[in-house]
Amino acid sequence: MAVADASSEKGSSPAEAIAQSSISELRSVSEEDDTAEFSDPRLRTYPVLLVAKTVDLRNNPNEPILTFRFWVLSTFWVIVGDAVSTIYYFKPYSSTLSSYIVQLLSWAMGDFMARTLPSKKVVVCNKSFSLNPGPWNAKEHALIIVAYWGSSRTAFGLGPLSALELYFDRKVSPGYGILFLLTSQLMGYGCAGLFRDILVRPPKFYYPGVLPNVALFNAMHSTSLVTHNKYLKFFAYVSCITFCWQWIPGVICPMLSSLALLCYMAQNSWTGFNLGSGYSGFGVLNVSLDWNYAGFFRPLVTPLWSNVSQMAGALIVCWALYPIMFFANVLGSQRFPAMSSGTFDKSGADYNISRVLSGGQTLNKTVMEAYSDLYWSGSYVMYFFWGFACSTAAIAFAILWHGKDALRAAINTFTGVRSDYEDDPYLRLMSSAARVPHWWYVCLLIVCTCLSLVCLYGADLGLPWWGFFVISAMSTIFTFPNGVLFGIANMQVDLSFLSEIVAGALFRGNPSAVLASLTLGLYVVSQVFRFFLAAPHVNRGVKYMKIPEKEMFCAQIYGTLVGPFVNYAVMRLVIDRIGKAVLIGARHSNSWLALKSKNYYSISVLWGVLGPQAILSPHSQYRWIYWSFLLGPAVVVIVYAAHRLRPKWQLETRCNPVVIMQGATWFPVFQTANLFTSFVLSLVFMGYMLRYRPVWFRKYNYLLACGLDTGAQMTQTVIMFTLNLANAVFPRWWGNNVRV
């Protein structure tokens, strides 16, 4: 990578001098010091240890960013990534292109273009640019991943659109369909942009989930050839070994995915099975040798305090509370599977929702009274309890612990005073780059709001204008607490159940309105975090990869604009070519089944037709769940009071009630085989290795995380394209005939 001259030219600004002097200072330090504990000796006092160990202070402000290579490669990978994810959206098994794989392949393609393209100037519309402006650099590479991440998965509106067509026979026109996808994606960016000074710039919000990508970029674009080769070899070895190993638990011996020790010690025991099974039981002492399960909590990335808190919540409920409830038959738990997220009738069979519907969209109360009320497993009832408590607790936590700083930043934002955090060395490097004005995001939000209303009424989606603003307000409110948690703990509160129950209460009898509100409400929050992941996916680009804000904005918006067109086109192709009968399962196919669309249909019927009144009514045995809305903030207030009395206890990290309750909500939605091994790995790497092997941790920990994820993703992709598409299975033997 070319390094700019350290001496500032005559007349350069002080900010530019700072940026240039950082390069000069770095030359006095060993270019790549493998024995150093920190990425740069000047970061020894940086408040976030993990950042200081991973992100260096090198910056060349003269590197080209929005290059011809960027536009070609970002367009290619957005189209390929969205096409793949949309195709698999309608298959019985899902797959996406991992950002690590795209990062690896785009690196090779960009390097090839830099070596082969001519450097001549091309003129288009009186604007000239070079096909090859110089060496392939980390910033343009990072910006490709930003564009990809902005639209790397299917647009959230695709599920409701496909569910309306497949199950309600309502086909939305292409114009309104694409507009629906676009506005739901871009509204999140508009909202996120207004939270930049609150949730992005403060150093304490460092988004730990993006550090592996930063480490991989550093390895790919290291200025030291020796270090470059050594780190990439390590990443390649880990990826290859993981790729080979994952065939064993994935195909040859699935038993290794869930080694239920209690089941083996107490064979043919009903009690032992329910306690030890990692698939349908409580997963007590269940060990997994499958990275897809072992890596569930991102044990090499998520801060130890966050993982320990989440694990504590999960272990308390899965290994103590839920078994007690189940074996004591609380709420009739023994009529249902121990760990199930399904809906059942009074006999314990799956609830036949179609049996109580008239015309597919209207509840027949007489038939329902004669048939059965809805029932859940005890663990699923508690899932809603902890989820509601966690939602309100998150708001209380964000206000009490971070409210003053956020209010100060918000006031500064709207009064034109920018909090530049001058003591942050990363932001000092970028002080000369122009920032994106807030009015850009305000305009984006206003335009998307107007177009969303046009789309809702033009496509007759059933969501009234006031409902749109209510759901959008709820999403905006939860952006702040979720951003805080995402920035410090690498987790966010799952709002799916809350949005579903609110939409069901507001729009009962209107399933299409429930579907629209899910997209334009809750999932706008998810797109907000694509903003916080995309700017960071190189971390908040501005800081960790030193990308100017305006270039970052262009890449994010571009990727998000291209994606919905690909999503809709591929969806249209699949539905028209494969047919409705196959996709809804009326005609059998091993290769096609729109399970995600069916899930949206089930949600719309459960909460939009039956509604929370039929499930959580005053006469329901689950009516006490609503008390959880008060329990969550009450616990947070108690912990905060203790924190004010004893600040040295550091209760924000040592006893964070929101993170603990969030850990309790992971199950039974996910299988408990995820739990124990992930916990042990977190203790080993984010605990022992970080504390006692800091040099090894700095050099290899995040590359190890990248390699494990990349290898597992490659194995999964190859299995899908070979075995799954060919309907091939491994021969039966004792290693793949166990489901515990």
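Placement of Cβ uses the backbone N, Cα and C atoms for every residue, glycine included.
Keep in mind the model is a prediction, meaning the values are calculated, not measured.
Among the features that TrEMBL reports, region 'Disordered' is placed at 1-35.
The annotation transmembrane segment is assigned in TrEMBL to 68-90 (among others). Same-chain residues lying 6+ beyond the ends of the transmembrane segment (68-90) with a Cβ under 8 Å from its Cβ atoms: 96-97, 102, 105-106, 109-110, 113-114, 117, 122, 129-133, 136, 140, 143-144, 147-148, 151-154, 158-159, 162, 555, 558-559, 562-563, 566-567, 570-571, 574-575, 578, 583, 592-594, 596-597, 720.
TrEMBL lists 176-195 (among others) with the feature transmembrane segment. Residues 151, 155-158, 161, 413, 436, 438, 440-442, 444-446, 448-449, 451-452, 454-455, 458-459, 461, 472, 475-476, 479-480, 483, 519-520, 523-532, 556-557, 560-561, 563-565, 567-568 of the same chain lie 6+ residues outside the transmembrane segment (176-195) yet bring a C-beta within less than 8 angstroms of a C-beta in it.
Annotated transmembrane segment per TrEMBL: 234-267 (among others), in sequence order.
Residues 271, 274-275, 282-284, 297, 338-339, 378-379, 381-382, 386, 621-622, 659-664, 666-667, 672, 675, 678-679, 682 of the same chain lie 6+ residues outside the transmembrane segment (311-331) yet bring a C-beta within less than 8 angstroms of a C-beta in it. Summarising the annotation, TrEMBL assigns transmembrane segment to 311-331 (among others).
Residues or ranges marked as transmembrane segment in TrEMBL: 380-401 (among others).
The transmembrane segment feature in TrEMBL is assigned to 439-459 (among others).
Using a Cβ-Cβ cut-off under 8 Å and counting only residues 6 or more beyond its ends in the same chain, the transmembrane segment (466-493) has close neighbours at 187, 191-192, 195, 198-199, 204-209, 298, 301-303, 305-306, 309-310, 390-391, 394-395, 397-398, 401-402, 406, 449, 452-453, 456, 499, 502-503, 506-507, 513, 517, 520-522, 524-525, 528-529, 532, 656, 658-659, 662. Residues or ranges marked as transmembrane segment in TrEMBL: 466-493 (among others).
For 513-533 (among others), the entry in TrEMBL reads transmembrane segment.
For 553-575 (among others), the entry in TrEMBL reads transmembrane segment. Below 8 angstroms of C-beta separation, residues 66, 70, 74-75, 78-79, 82-83, 86-87, 89-90, 143-144, 146-151, 154-155, 157-158, 161-162, 165-166, 174, 177-178, 181-182, 185-186, 189, 436, 440, 444, 531, 534-535, 583, 592 of the same chain, each at least six residues beyond the ends of the transmembrane segment (553-575), sit close to that stretch.
Within the chain, the transmembrane segment (600-617) has long-range Cβ neighbours (under 8 A, six or more residues past its boundaries) at 159-160, 162-163, 166-168, 343, 353, 356-357, 361-363, 368, 373-374, 500-501, 503-505, 507-515, 518, 623, 625-626. Look at TrEMBL and you will find 600-617 (among others) tagged as transmembrane segment.
Per TrEMBL, transmembrane segment is recorded for 624-643 (among others).
For the transmembrane segment (663-690), same-chain residues at least 6 beyond its ends with a Cβ under 8 Å from one of its own Cβ atoms are 49-50, 257-258, 277-283, 285-290, 293-297, 299-304, 307-318, 339-341, 377, 379-380, 382-383, 386-387, 390, 494, 696-697, 701, 704. Marked as transmembrane segment by TrEMBL: 663-690 (among others).
A Cβ distance under 8 Å defines the sequence-distant neighbours of the transmembrane segment (439-459), meaning residues of its chain 6+ beyond its ends; these are 172-173, 176-177, 179-180, 182-184, 186-187, 189-194, 465, 468, 472, 516, 520, 553, 557.
With a threshold of 8 Å between CB atoms, the same-chain residues lying at least 6 positions outside the transmembrane segment (380-401) that come near it are 313, 317, 321-322, 325, 331, 340-342, 477-478, 480-482, 484-485, 493-495, 497-498, 622, 625-626, 628-633, 635-637, 640, 652, 656-658, 661-662, 664-665, 667-669.
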